[in-house]
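I have a structure here, written as structure tokens, and I will follow up with some questions on it.
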Amino acid sequence: MSSLFRFHTTEKTPVIRQHEYTECGLACLAMVLGYYGYNTSISQLRREYEVSEDSGTSLSSLLKWSREKGLEGRLLQGKVTELKQVNLPAIAFWHGNHFVVVVGVNDRGITIHDPASGLRRYKYKEAEVLFSGYVLELQPAASFTRQSADASFSLNQLASNITHRVKRQITLFIFSLFALLIMLVSPSYFQLVLDEAISRSDYDLVILLTCIFAIVYIFDVVNRFLKQILEICLRNFAYDELSQSIRGYLLRAHTSWFRTRPVGVILAIEKSLHSCAEFISNGYVAMAYSFLISIFSLIFMMFYSVKIALVTLLSMTVFLVIRFVLIRPYQRAVDNAITKTAEYESLLVETQKGIVTLKANNMLSNMNSVIDRAMRNYINGLMHQERLLARFDTASVFVINAEQLIVVCMGAWAILQGQMSIGMLVAYLSYKRYFSDAMVQLAHKYLEKNALKGPLERIADLVSYQADEDDFGDRKIEVPRVLTLDNVSFSWPGKAAILKNISLTLSTSQETVIVGQSGSGKTTLLRLLSGILQPGSGEIRLNQYPLTSYDLAELRQHIRIIHADDQLFTGSLIENISGFSLEVDLKEVIAACKLAQIHRVIAALPHGYETNFIPGNPLFSAGEVQRLVLARALYARPDWLLCDEVTANLDKQTASKVLTNLRALGIGLVFVTHSPEVVYQGGQLVELENGIILANPEGQTS
């Protein structure tokens, strides 16, 4: 295969980033399909094919899915040097746990599109270490059909979340028009002074022109100041409203979205939002403004000299071609820089959270090496982005300087021949500068807009993801007395069932204790009862209606779950216990804390309930944190309390008091525990083993 064709393969194959830990296979399949004209996205493929959350995708699954999409494939085994014989693009097994798309092979090495890090080039010696020996060669079969790309999430769609955006941008554009008018008349000052006042030795005309244009320039200064203030306001309004809107999607997203993504993805979305808000606030107005300046400046330039104006126009055309060539590499560089920054910051967050573990296990040196490597990748990403701009700027300066030399030379020649005056040349050079600056600004904004493709894809992944509320209805809850599981099963995508055909009746009149070994499905069962997870088959009912028919917010108000690893957040104790409510009932907070046996501990603190809590601060023991979490749940006055190891960190005396207080409330209680002798005092005892109920004869006491 010729090197030219290989280059074409590299450029034609789209770079598609994975969003979840284990969807590199889906991303690679989307890239190969895109090369052959079947345009799709990870989100679309995710809806069609299930990927295991811990083991990802296998080569056999990729081969099966490829055939369903009309691609014929064959699985090849060999050395990295033998990739020259493979039809590209092809999916390669990489580093023993990852998939990449090989898009180019030559005598120096190979080029890949990595779903995790974008376009990468390796020498054969480097690739030999990473290549795991298998490659999936794919080509269109007779049944293959092309598919045009669906309308992707656009900047305009994102901008629609900003109120009064058009009105604000029109105001900004009006200020820009005033600046444009002043800019266009300014060169006339130089021409009139040089050609009229000086040639006639007219001092009065010089003073008159100076006074007139002084007023014009003062107006220009005021106008520019107001315009900058408006731009600052627009940018901050845009960022604030976009953040609120996207944060709504983030908080409503299904828990699986968070479970399958690194911590840094939220930071990456935040950075992406900032870039988008920056462009939305004044990008379009700046482009329109620059376009108008370039048009009017070109008209004035042609009024002075068509021949010289054409030279300037030709040089700026070359400039735009250089900028256009930069678009795709710069787009990839910006997205890669955001990704690497988020990975680095994610590691810093994880290190801060796990610093005690790192110190206790003598892992500081090793973790420092990991952080250092991430920091270098982050810095290299920024440097690559800046190097691209530096190359462009160098080429641009060369073109503009060459054009300047030619224009001045032609202008001087025209003056010597009497075709132009000195004032006309000075005015022309002013308009030429306006024209050049406007074209540079226009090209730069266009580059910025195209560079937002990656950030927009990252935001679109969140916006298009299923929200918790999508599974639920709007039925109101009256008195939630009975929870019923009817033949309920649950499994994670691509994994064996965790719960199998569970049938169980729970009532507020009888507490339930669920016991079983680790991994038997106890916590999963609680999460199904609370609506956090949805069963793969079967039905859960509250009273006689399906759980999913109720309003989710109201359901969570009536049914509270306490996880073994529940967290408190940065803020005062009263804020944490009240759930950061804007209207806190202190009496209810104290009552909840007394029930949870934590009131005396808080009262003994110097600042009492106003004491600030910082996650990771050893001010409170694990048992005290557990009781604070319990108090938070009780403050909501739920009808059902689902407790996962609620006494795990409590001494027997405290645990007994807490359980006595809970039973006195007369609410539905469901306890998950490894130690039934501590919790169980009658009621329904359910034993789970490997996702199956072993002991629960007809829902009665065991």
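Glycine residues also receive a Cβ, built from the backbone N, Cα and C atoms like all the rest.
Pulled these features from TrEMBL for this protein:
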- 18-138: domain 'Peptidase C39' (DOMAIN)
- 170-443: domain 'ABC transmembrane type-1' (DOMAIN)
- 170-190: transmembrane segment (TRANSMEM)
- 205-226: transmembrane segment (TRANSMEM)
- 279-302: transmembrane segment (TRANSMEM)
- 308-326: transmembrane segment (TRANSMEM)
- 405-431: transmembrane segment (TRANSMEM)
- 483-702: domain 'ABC transporter' (DOMAIN)
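How buried are the listed features, and what sits near them?
Per-residue pLDDT, averaged along the domain 'Peptidase C39' (18-138), amounts to 87 for this model.
Sequence-distant contacts of the transmembrane segment (170-190) (same chain, six or more residues past either end, CB-CB distance under 8 Å): 209, 213, 216-217, 219-220, 223-224, 226-227, 230-231, 234, 282, 285, 288-289, 292-293, 296-297, 300, 423, 426-428, 430-431, 434.
Sequence-distant contacts of the transmembrane segment (205-226), counting only residues of its own chain at least 6 positions beyond either end whose CB sits under 8 Å from a CB of the stretch, comprise 175, 178-179, 182, 185-186, 189, 192-193, 196-198.
Within its own chain, the transmembrane segment (279-302) is flanked in space by residues 155, 158-159, 162, 165, 169, 172-173, 176-177, 179-180, 183-184, 187, 231, 234-235, 237-239, 242, 308-309, 312-313, 427-428, 431-432, 434-435, 437-439, 441-442, 445-446, 448-449, 452, which lie at least six positions past its ends and keep a Cβ under 8 Å from the stretch.
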If we skip the immediate neighbours and take only residues 6+ beyond the ends of the transmembrane segment (405-431), which ones have a Cβ under 8 Å from one of its Cβ atoms?
186-188, 190-196, 297, 300-301, 304-305, 307-308, 311-312, 315
Can you count helix, strand and coil residues in the domain 'Peptidase C39' (18-138) using DSSP?
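Each residue of the domain 'Peptidase C39' (18-138) counted once, the result is 42 helix, 43 strand, 36 coil.
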